[in-house]
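Undergrad: There's a structure below that I have some questions on.
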Amino acid sequence: MKMLNAIKDFSHIHPDTLAYISPTEEMTYGELWRQSEQVAAFLLKQNMEKPVLVYGHMNASMISSFLGCIKAGLPYIPVDTSIPTDRVLKIIASSQAEMMINASNQELMLDNVAVSMVTIDKIQAEQILGIPIDPSNWVFGEENFYIIYTSGSTGNPKGVQISANNLQSFVDWMIADFPIAGGLRFLNQAPYSFDLSVMDLYPALASGGTIFSITKEMIARPKLLFEALAISKSQVWTSTPSFVQMCLMDPSFTEELLPELSVFLFCGEILPVEICRQLRDRFPKARIFNTYGPTEATVAVTSVEVTAEILETHQNLPIGKPKGDTRIFIVDEYGVAVRPAEKGEMIIVGPSVSKGYLGQQELTEKSFFQYEGEQAYRTGDAAYVDQDGLIFYKGRMDFQIKLHGYRMELEEIEYHMANCKFVKSAAVIPIYQQDKIDYLLAAIIPETHNFEKEYQLTTAIKKELSEVMPAYMIPRKFSYYQELPLTPNGKMDRKKCKEMVVQ
Ligand SMILES: Nc1ncnc2c1ncn2[C@@H]1O[C@H](COP(=O)(O)OP(=O)(O)OP(=O)(O)O)[C@@H](O)[C@H]1O
C-alpha cells in the first residue's frame, strides 16, 4: 500500500522525527515503525483471520497497534475507553474478533467473552522472531484496513468496513487538495473510534507530520485544554464545529495562542457562518475548510474553502464539491435525479465508498449498491446543488419530523437559531405526548445580552426567527443553559440535551 510505504520510507530516513505527541507521551517515527513491527510479528504468530480490537484513549501505542495490525494483514477496530462495556461486547459479537490489544493504562474487565487480551508491554516483552515483516503480509487493495462502528439508528452498532483502497483515495485527496505541506503539526481532537480522527492521523503520517493529541480529560477541563493548546504548536486544526465553538467561548482562543495555525478543517456537523466569522477575526492568517462525509464513504468526500467572499454571499454555508474521483447525485424518493436546485437525497459514488457493514448483508444491501461499476452509498442526508455546482446540506432525512401536519427538519431550525444575534448555540428537541410530537423546545446557550428577564430574551430571539422561518417552525418553549452536552466525538449530544431539558 502506497501510504504504508510512505510511512516506512519516512521512518527510515527520519527516525527521530516525532510522529506523535500528547502532554504525557511522545513517539518518534523510528519507534512507531519498530513497535508496529513487533505487534505485527506477534499477531502473525497467532495465525488469526478476524479483525483485532485496539482499546485505548489517545495513546501513542494505539497508533503503533493500528499499523501493526495492518502489517499482519488484519484490519483493526478502534475502541475508545469512553465506549460503554455493553457496546464493546456488541462490537466483539458483531466482529467475531478473537484478540484485543489493550493500549491504554487501564484494565478492561469483560466477563464470559472469548477474546484474548494482550497489552503492548506484554507484546514488547516477548521474544518475537520474523522481523522485519515482509510487506507481502500487509493489508492490500480491497482488503479491510479498519472497521469503525457507528451507532446506527437501531442502537445496534454497525461496523463500517474501510479498505486500503478506500483510505488511499481519501489520503491522496487530502494531501493533493488541501494546504497540507510535509512535516506539519496536526491537532487531534477526535477519539480514534470516531472517523474524524482519520482526517488528522493518516494525512499526518503520510506526509511526515506530527500528531498532537488532546485527551478527553483536557476537553472536560478548559484550563488543561488551553495549556495543551498553548504548547501544541498546531498548524492544522481538525475538529467538529461544536468543539471549536466551545474553544471560541474563551477569549484567549486567538492567533496568539496558536501562532502557527494555518488551516482549519471541519467535518461531521453543520458549520455555522458565525463560527467562521469569529475564526476569521481571531485567526486572520488561517484558511478554513468545510468538509462533509459519512463514515461509510471514508471520513469526507466534499469540501469548500470558506473564503471572505463565501461568507459574505451565503447565510448557509455550502459543503462544497465532491473530490475528483467521486460523484454525488441528488435523487428523489424513487431514486430519480432531481432537477437542479431541487432538494433530494445525496448518493455518493466512488472509490472511497465502503463495501458495506461487516457481517450485515441485509443492512448493507439497503444502503449500498453498484453504479456504473463503482460502489455507491445512499447517505440518508438531504441536499441540493446550486447553479455553481456547490452542494448545500439540508439535514438528515431521519431528523425530519411532522408537527401539526407540517414536515420540517430539526437541524434547519437549529441552524437558523444559531444564526440569531442572541444565540451562541442551540438544540431543538421535540417533546412527545404519547406517540405524537406535542411541541418543540429549544435548549440554548445565549450570547451576552442586556435583557433583564429571560422572557424578553425569548421574545427577541423569536422575533428574529420569525424573519427567516414560518411561525409553525419556531419552538414553543425556550430553556437557557451555560453549556450543552457534547458526545465523546465532539458532536452536539441530542440525546443528553433531551434528558437535560425534560428533567
Ligand atoms: N459538513 C457537514 N455539514 C453538515 N452535516 C455533516 C457534515 N459532515 C458530516 N455531516 C453529518 O454527519 C453524518 C456523518 O457522521 P458519522 O458518519 O460520524 O455518523 P453519525 O450518524 O453522526 O454518528 P453515529 O452513526 O455514530 O451516531 C453525515 O451523514 C451528515 O449527516
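Cβ atoms here come from the backbone N, Cα and C positions, even for glycine.
TrEMBL labels come from automatic prediction, so no person has curated them.
Reproduced below are the annotations present in TrEMBL:
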| type | residues | note |
| --- | --- | --- |
| DOMAIN | 14-358 | domain 'AMP-dependent synthetase/ligase' |
| BINDING | THR150, SER151, ASN290, THR291, TYR292, GLY293, PRO294, THR295, ASP381, TYR393, LYS394, GLY395, ARG396, LYS491 | ATP binding site |
| BINDING | ASP195, VAL299, LYS491 | D-alanine binding site |
| DOMAIN | 412-491 | domain 'AMP-binding enzyme C-terminal' |
Undergrad: Taking ASP195, ASP381 as the binding-site residues to compare, which has the smallest set of other Cβ atoms within 10 Å?
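TA: Minimum Cβ neighbour count within 10 Å, taken over the binding-site residues ASP195, ASP381, occurs at ASP381.
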Undergrad: What's the number of neighbouring CB atoms sitting within 10 A of the CB on PRO294 (ATP binding site)?
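TA: Counting Cβ neighbours of PRO294 (ATP binding site) within 10 Å gives 22.
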Undergrad: In whole Å, how far is ASN290 (ATP binding site) from VAL299 (D-alanine binding site) when you measure between their Cα atoms?
TA: 12
Undergrad: Looking at D-alanine and its recorded binding residues ASP195, VAL299, LYS491, figure out the farthest C-alpha pair and report it in angstrom, whole number.
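TA: About 15 Å separates the two most distant Cα atoms.
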Undergrad: Take the domain 'AMP-binding enzyme C-terminal' (412-491) and count its residues per DSSP category (helix H/G/I, strand E/B, coil), listing them in that order.
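TA: Secondary-structure breakdown of the domain 'AMP-binding enzyme C-terminal' (412-491): 23 helix, 27 strand, 30 coil.
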Undergrad: Does DSSP give ASP195 (D-alanine binding site) helix, strand or coil?
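TA: The three-state answer is helix.
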Undergrad: Could you state the CA-to-CA distance between LYS491 (D-alanine binding site) and ASP381 (ATP binding site) to the nearest Å?
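TA: About 17 Å separates the two Cα atoms.
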Undergrad: Using all protein chains shown, find which of the binding-site residues THR150, ASN290 scores highest when you count other CB atoms within 10 A of its CB.
TA: ASN290
Undergrad: CB neighbours of VAL299 (D-alanine binding site) within 10 A?
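TA: The answer is 29 other Cβ atoms.
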Undergrad: Other than ASP195, VAL299, LYS491 themselves, what residues in this chain have Cβ atoms within 8 Å of the centroid of the D-alanine site's Cβ atoms?
TA: ALA190, PHE194, LEU196, SER197, VAL198, MET199, CYS267, GLY268, GLY293, THR295, ALA300, ASN489
Undergrad: Mean pLDDT for the domain 'AMP-binding enzyme C-terminal' (412-491), rounded to an integer?
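TA: Across the residues of the domain 'AMP-binding enzyme C-terminal' (412-491) the model's pLDDT averages 90 on the 0 to 100 scale.
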Undergrad: Can you count the other CB atoms that lie within 10 A of the CB of LYS394 (ATP binding site)?
TA: 22
Undergrad: Would you mind listing, in sequence order, the residues at least six apart from ARG396 (ATP binding site) in the same chain with a Cβ closer than 8 Å to its Cβ?
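TA: Result: GLY380, ASP381, ALA382, GLU409, GLU411.
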Undergrad: Return the single residue from the binding-site residues list (TYR292, LYS491) that has the minimum number of other CB atoms within 10 Å.
TA: LYS491
